[in-house]
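Only one structure is covered here, and it is reproduced in the block below.
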Amino acid sequence: MSTQSLYKVPSEIAANALVNDEQYKKMYQESIVNPEGFWREHGNRIDWIKPFTKVKKTSFDDHNLFIKWFYDGTLNASANCLDRHLENNADKLAIIWEGDDAKDQRTLTYGQLHAEVCKFANALRSQGVRRGDVVTVYMPMVPEAAVAMLACARIGAIHSVVFGGFSPDSIASRVIDGNSKVVITADEGVRAGRIIPLKANIDEALSHPDVNCVEKVIVMKRTGGDINWVEGRDIWWGSLMETASEHCIPEEMGAEDPLFLLYTSGSTGNPKGVLHTTGGYMVYAAMTHEYVFDYKENEVYWCTADVGWITGHSYMVYGPLANGATVLIHEGVPNYPTPARLGEMVDRHKVNILYTAPTLIRALMAEGKEQFEGFDGSSLRIMGSVGEPINPEAWRWYNDVIGHEKCPIVDTWWQTETGGILISPLPGATDTKPGSATRPFFGVQPALVDNIGNIVEGANEGNLVILDSWPGQMRTVFGDHDRFVLTYFKTFRGMYFTGDGARRDEDGYYWITGRVDDVINVSGHRLGTAEVESALVAHELVAEAAVVGYPHDIKGQGIYAYVTLTKGSVETEELRQELRQWVRKEIGALATPDLIQWAGGLPKTRSGKIMRRFLRKIAANEVTNLGDSSTLADPAVIDTLIETRLNRSE
């Protein structure tokens, strides 16, 4: 298949890379054979207040599960992102901020960011926040979001960042679960030209009858818009900062003390609070950031993720700042007001490393490469992809149009639960294949198992599990350790179950086939939906595709494809048949879609993830009880898909 084409490491990257292929293999082998020794060495890449002597104490036994790393050491995450850089790099840019409107620009040096964080840490203390308290952060993409997180870490409070697109009900459930004492927000946010009513959403969330834990709401003035004000509860960020001291000694935290909570989106039932602790997480975030992106001193690094997602935590705040990087933060979306915005920002800020999501790449691809005719891109050296498997066609477009065929692409696979990247190419070490996450990071032992838990060897496919712990791993589900054990360690005993399916090819490269519940069983054959989607998107008239299974009288499950065409393409029955033949040719007769529904848009969360549970229900003609759609960017998309569905009962 065309997906097997190999892209060699560019010679100019190989010449200066942190590790080459031989070094990767040697380091990886050491990390698996001698994890104690390996992580003892690399655990010292960050600053410890009391150095650790104990490295690893972990068990994946579901009757006696525990995960501890560097567990007798003490440190502070904020000090590792700020104080350690002050002696030599106080004047170096830590943050470059560009607003939704490109005319809004701000910068903060490491010295300035340190001062802001210390002041806000003292402000939090003045409002009664103490070590171990949970603070909810519901902010736009402004530097103050990072300041709030680092200030919490400085005083030992646990931050719980909620994505600024979430509904009041979603906020309320997270505030209740975390028992938050203080909420930090802004009057309004600005995103793609639209005003986001952040404070109004908080007011509504806190009016929920079960929310009785919040004592204070700190409000940053972003737009100056009119907002409701609750005397005695609400307080302006600015007025707190006016009187706060710039001196704040970082709290000495145990390596296993909590750093943050982050609730996984899209899960059914109660929100699942993923708990990450301080020591192992900081080591892993910093190390993966440096090695996966081959980070060099003085480079400008842009991760387009929102701070409300794990990618924003690990690869916009903690990892890059621990490494002393200059981080670009963008308030808006990289294809507003025009698709050219991404390229304009890369050129304007001389971005060296770009980390973005397949959903954005596909959106830009649908607009056409002529949008990038004025794009120079000469500053770019490394490009990354995150969030979901990237279609080979989108990978190639990213490589050709954005990377000008000179930038290695690191297609990273990981999860909220893993804290950092688990499987990814390393720019100077790994020849890449479009659509493959390739090889495991140091210390990570992936395996494939069949449905009863037997490990399958060689070129094969199955359920993706991890056989041993790594420092960035989540420690528990907040307040519900039994749920942690049940979700991740009961399905396959003694292994961490990722919930993803994967294929390993003859070179040992891993291909993520999607969530296991995104596997279709057609006439007894397992088929990853990502594979069918990739084939559809490879057609020149297809901008995006989502594939699900639906009940089929003969096959058990049939293949139902939702297809969005490129601009200007016409939806015809001839094209529908052409696409069916196209997939048949690309993958085989088994993968031919039974039904292809034209879709002007797909139901996505505001982070761009397709909400497949809605698509599965519509395909199954179960349209009366679709469940909560509050996390969707555009709920109206659902109504249109229901109206135009193909699998109606007669």
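Just so it is clear, glycine is given a Cβ too, placed from its N, Cα and C backbone atoms.
Pulled from Swiss-Prot:
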BINDING   R191, A192, G193, R194, T311, N335, S523, R584  CoA binding site
BINDING   G387, E388, P389, D411, T412, W413, W414, Q415, T416, D500, R515, R526  ATP binding site
BINDING   V537, H539, V542  Mg(2+) binding site
MOD_RES   K609  N6-acetyllysine
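Known features from Swiss-Prot, placed on the structure.
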residue : record              : DSSP class
R191    : CoA binding site    : strand
T311    : CoA binding site    : helix
G387    : ATP binding site    : coil
W414    : ATP binding site    : coil
V537    : Mg(2+) binding site : helix
R584    : CoA binding site    : helix
From T412, T416, H539: binding-site residues whose CA lies within 10 A of T311 (CoA binding site): T416
Including all protein chains shown, what's the count of other C-beta atoms within 10 A of the C-beta of W414 (ATP binding site)? 25
Using Cα-Cα distances with a 10 Å cut-off, which of the recorded positions R194, G387, T412, R515, R584, K609 are near V537 (Mg(2+) binding site)? none
Filter the recorded positions R191, A192, G193, R194, V542, K609 down to the ones within 10 angstroms of G387 (ATP binding site), Cα to Cα, kept in sequence order. K609
Could you tell me which of these binding-site residues, A192, V537, V542, has the fewest other Cβ atoms within 10 Å of its Cβ? A192
Length of the line joining the Cα atoms of G193 (CoA binding site) and V542 (Mg(2+) binding site), in Å: 28
Roughly how many angstrom lie between the C-alpha atoms of R584 (CoA binding site) and R515 (ATP binding site)? 23
Consider the recorded positions T416, R515, H539, V542, K609 and say which one has the Cα lying nearest the Cα of N335 (CoA binding site). K609
If you measure between the CA atoms of R191 (CoA binding site) and W414 (ATP binding site) and round to the nearest Å, you get 27
Using T412 (ATP binding site) as the reference point, find which of the recorded positions A192, R194, H539, V542, K609 has the shortest Cα-to-Cα distance to it. K609
Candidates R194, R515, K609 (recorded positions); nearest Cα to H539 (Mg(2+) binding site) turns out to be K609
Going by Cα-Cα distance, pick out whichever of the recorded positions A192, R194, V542, K609 is nearest to R515 (ATP binding site). K609
Name the secondary structure element type, per DSSP in three states, that contains V542 (Mg(2+) binding site). strand
Determine, to the nearest whole angstrom, how far the Cα atom of A192 (CoA binding site) is from the Cα atom of T416 (ATP binding site). 26
Long-range Cβ list for T416 (ATP binding site), cut-off under 8 Å, min separation 6+ in sequence, same chain only, gives L262, T264, V274, W309, I310, M474
Three-state secondary structure, R515 (ATP binding site) (per DSSP): strand
Within 10 A of the CB of the residue listed as 'N6-acetyllysine', the number of other CB atoms across every chain shown is 18
